[in-house]
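Trainee: Submitted below is the structure of interest, expressed as structure tokens.
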Amino acid sequence: MKQAFSERISSALTLRKQAGLTRARTVIEQGNQSRLSVDGKSYLNFSGNDYLGLAGSQELTQAWQQGLSLYGSGSGASPLVTGYSKPHADLESQLAEWLGFDCAVLFNSGFSANQAVLFSLLEKGDQVVQDKLNHASLMEAGILSPASMKRFKHNDVAHLDKLLKASICNPSLVVTEGVFSMDGDLSPLSELSRVTKENNAWFMVDDAHGCGVLGSHGRGCCDLYQITPDILVVTFGKAFGLSGAAVLCNVECGDYLSQFARHHVYSTAMPPAQAHALSHALSMIQQQEWRRKKLDELSQQFESELRLCVGVITTQTPIKPIIIGDSETAIALSDSLKEKGMWTTAIRPPTVPLGTARLRVTLSANHSEKDIKLLTQAITELR
């Protein structure tokens, strides 16, 4: 029996390698900012999710250091024991007020927040209907939950409506993302929200890549489309420059999650110093509009300079995919850019569908016009 596990592991690794899909962790020596250092060499970083440039901000670092001085290193317990402190409560209140909800519940990651909602909310006889390109955390939770799961074609409102009308399950939960992380495109939230309400279903939006970047003062995609879903998930590992997540909902749903969401109940709470730093990151997002303005300008520059380049997808976000096709060519292009001092990651199946391997270029407010020019010139030469 023990040998069966070893054989399974060996076989899986061999097949992954033969398919050219093996991934490796890279040791970053000096931070994950607009420049990074690997094996003693400096690269322009176009692979991170630090959209507003807060991850390396000295102002935010000082806020975390202040939190450490005030509250120590760790929370010491789960939230329902003694791990929930004033910085956690303050952050939840600030998020709820900012995003227009009654309640917020903190989690240690966006992955755990998404799974916690689906696992705690869905029961046998329920239905969850998800966009076909939703994040792995949502898809996995939907498959493993006791509910019936269906997928609607990407951003296809009519298909969602058809699935909901044909369903005999009740209740139904519709789940989508605000910004899709691999294509950088937006979900048609207004239409999806309308169809969901017409079919008496609940609507959940994961706005990991929109919150902080889009909408009034960075409130995200729901603000951009002027909708209020039943459940909103925001994460802190992108525009906030830190880590963690929160689920926004009404008070009763928040109480329910606090009681039944096992990822929340049985996990050590995030350090209070981190919550303190996140509150400061939130104030920076709200007040430092120049970061979003600069990001927009860099985005326009990137697309203008690559307007004739095959495979470049135009987006309203700092995520700029360049569709290559096969994995080998995508890896070769990524390696060639690294030789020129630019770090771009080749995204391959199973993360994206077969035949759509790509470079996932991401921009940050910490980049300069010169940085973008260097990248676009290099891509033009190599393509």
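Just so it is clear, glycine is given a Cβ too, placed from its N, Cα and C backbone atoms.
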Trainee: Kindly point out which candidate in Thr344, Thr351, Thr356 is recorded by Swiss-Prot as part of the substrate site with Arg23, His135.
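Mentor: That substrate site, as Swiss-Prot gives it, pairs Arg23, His135 with Thr351.
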Trainee: Gly110, Phe111, Ser181, His209 bind pyridoxal 5'-phosphate according to Swiss-Prot; which of Thr82, Thr228, Thr235 goes with them?
Mentor: Thr235
Trainee: Count the Cβ atoms, other than its own, that fall within 10 Å of the Cβ of His135 (substrate binding site), considering every protein chain shown.
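Mentor: Its Cβ shell of radius 10 Å holds 22 other Cβ atoms.
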Trainee: In whole Å, note down how far the CA of Phe111 (pyridoxal 5'-phosphate binding site) lies from the CA of His135 (substrate binding site).
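Mentor: Cα-Cα distance, His135 (substrate binding site) to Phe111 (pyridoxal 5'-phosphate binding site): 9 Å.
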Trainee: Rounded to a whole number, how many Å is the Cα of Thr351 (substrate binding site) away from the Cα of Phe111 (pyridoxal 5'-phosphate binding site)?
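Mentor: Their Cα atoms are separated by 15 Å.
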Trainee: Given the binding-site residues Ser181, Thr235, Thr351, which one is most crowded in terms of C-beta atoms within 10 angstroms?
Mentor: Thr235
Trainee: Give the three-state DSSP assignment (helix, strand or coil) for Thr235 (pyridoxal 5'-phosphate binding site).
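Mentor: Once the DSSP labels are grouped into three classes, Thr235 (pyridoxal 5'-phosphate binding site) ends up as strand.
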Trainee: What's the CA-CA gap between Phe111 (pyridoxal 5'-phosphate binding site) and Arg23 (substrate binding site) in angstrom, rounded?
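Mentor: Given the Cα positions, Phe111 (pyridoxal 5'-phosphate binding site) is 20 Å from Arg23 (substrate binding site).
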Trainee: Does Lys238 (N6-(pyridoxal phosphate)lysine) have same-chain partners at least 6 apart in sequence with Cβ under 8 Å from its own Cβ, and which are they?
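Mentor: Listed in sequence order: Asn49, Asp50, Tyr51, Ala208, His209, Cys211, Gly212, Val213.
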